[in-house]
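Asker: Starting off with a structure, shown below.
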Amino acid sequence: MAGGITDTGELYSPYVGLVYMFNLIVGTGALTMPKAFATAGWLVSLILLLFLGFMSYMTTTFVVEAMAAANAQLRWKRMEKHKEDDEDEDSSSGVSDSDVLLHDGYERAETRPILSVQRRGSANIFEITERVEMGQMASMFFNKVGVNLFYFCIIIYLYGDLAIYAAAVPVSLMQVTCSVTGNHSCSVGDGTKYNDTDKCWGPIRRIDAYRLYLAAFTLLLGPFTFFNVQKTKYLQIMTSLMRWIAFILMIILALIRIGRGQAEGHPSMAQLSGIRNLFGVCVYSFMCQHSLPSLITPISKKKHINKLVVLDYILILAFYSLLSFTAIYCFRNDTLMDMYTLNFTNCEIISVAFIRYFLGLFPVFTISTNFPIIAVTLRNNWKTLFHREGGTYPWVVDRIVFPAITLIPPVLVAFCTHDLESLVGITGAYAGNGIQYLIPAFLAYCSRKDTQLVFGSGTVNKHLSPFRHTFWIVFVLIWGFSCFVFVTANIVLSESKL
């Protein structure tokens, strides 16, 4: 999920940061993971989940290292600017450098070795105190082509995000309301397969109901793209609470069903044909790199930040495994829905109507609150990409064109397809691959080169990644480019078979 986590300057403890990071990563992607697990087989899914979790952790440490390097560069530039200003003032006042040295503290300069001063300064200069977003880091460390490629990648990812959100809400509404008002009341999760041409309400087909909900969703939330919206603290608390209630309910209900001997799932160990979608879903489900500056910067004590990140990833891996394994053993593969919450809208599984509607409509509430924020983030990235120093946009371009090119494409994609597993898979496999693997690896490589150039080869970044050897950067880059080739080849081969 994209977007900032906290307001700038609002500090919190490392453990609060751990909770925020958990909430950031565990989002919509987790709801599509059970079906991806079922289609790829439990053994293949578990191995790939562990490996991609490790890769995501590695690139997270790359981004933290680049943030520290960017903070050092900004701090150094300000020091150089102050030095130039002081020299200008000294020359204008006729005061010599030796006089300034004496005035600033002759005894301190004489008694403290030069190397110790440099070491002391270099230790503090890498403190992460300023929020430097990934776009700003790209501008600092990449050339013009690299910056444009970065914005292209982040824009495509945000478009995919919006298309997933625009499809998920109408799908949930269609599934719940059509089953309630149609001839198959309470049977969304009973294994019945519906076609888009099946009746929903009278002459209205299911696909018509979906598109009506999509139109209503666009009309209600689309206008926010034309204004500035920010996630409030209370909205974040509410959505996080609803998310955790829903996830815990689904795990408990699946475990109860398994414990009573009502489990229907018999998952296979491996199905290679499902790896493509599973890969994209897993990448999407571990996505946090683009929001790390908003998440890490407000943490008050960053000394053990890598250990906290490791703990977070271990908890997330355990949670994803628990959610997915309970799902694939509780439900048959052919009954698992793209949006896992919809499996719990069946009367036979849950007799309490309130819980059925809460889980069935859960994506509607949480995704609807995030959609305007992602849309504004995408709109602002478009503006930044085309911005020229000192230039301003005409009112029509600023208020109409940029919001329109932000809103229209994802709504058109959602109009054409509501296959959430494929949308998540493709978004994660392509744009998510670039943001999670390629961009962090290039940021780490370029920031290390710049740090050595500016501060000297002996300077050590206090937030240097544990994967400091160049081998790891090369490994991530080879893995990222290989994934592009594999996913593309898989799609081409699948389409040719059809």
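Any Cβ shown, glycine's included, is placed from N, Cα and C.
Pulled these features from TrEMBL for this protein:
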TRANSMEM  12-31  transmembrane segment
DOMAIN    20-67  domain 'Amino acid transporter transmembrane'
TRANSMEM  43-70  transmembrane segment
DOMAIN    135-467  domain 'Amino acid transporter transmembrane'
TRANSMEM  141-160  transmembrane segment
TRANSMEM  210-229  transmembrane segment
TRANSMEM  241-258  transmembrane segment
TRANSMEM  308-329  transmembrane segment
TRANSMEM  349-378  transmembrane segment
TRANSMEM  471-493  transmembrane segment
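I'm curious about the neighbourhood of these features; can you describe it?
Answerer: If one looks beyond the transmembrane segment (12-31) by at least 6 residues along the same chain, the residues whose Cβ comes under 8 Å of a Cβ in the stretch are 1, 5-6, 164-165, 168, 240, 243, 247, 281, 284-288, 291, 295-296, 298-302, 304-305, 308-309, 311-312, 315-316, 319-320, 323, 339-341, 363, 366-367, 424, 428.
Nonlocal intrachain contacts for the transmembrane segment (43-70), taken as residues 6+ away from its ends with a CB within less than 8 angstroms of a stretch CB, comprise 36-37, 126-128, 132, 134, 136-137, 140-141, 269-272, 274-275, 278-279, 282-283, 286, 288-289, 292-293, 296-297, 305-306, 309-310, 313, 316-317, 320-321, 324, 436-437, 440-441, 443-444, 447-448, 450-451, 461-467, 472-473, 476, 479.
A Cβ distance under 8 Å defines the sequence-distant neighbours of the transmembrane segment (308-329), meaning residues of its chain 6+ beyond its ends; these are 14-15, 17-18, 21-22, 25-26, 30, 33-34, 37-38, 42, 45-46, 49-50, 53-54, 56-57, 60-61, 64, 247, 250-251, 254-255, 258, 263, 265, 267, 285-286, 336, 340, 343.
Outside the transmembrane segment (471-493) by six or more residues, the chain places 55, 58-59, 62, 275-276, 279-280, 429-430, 433-434, 437-438, 440-442, 444-445, 465 with a CB less than 8 A from a CB of the stretch.
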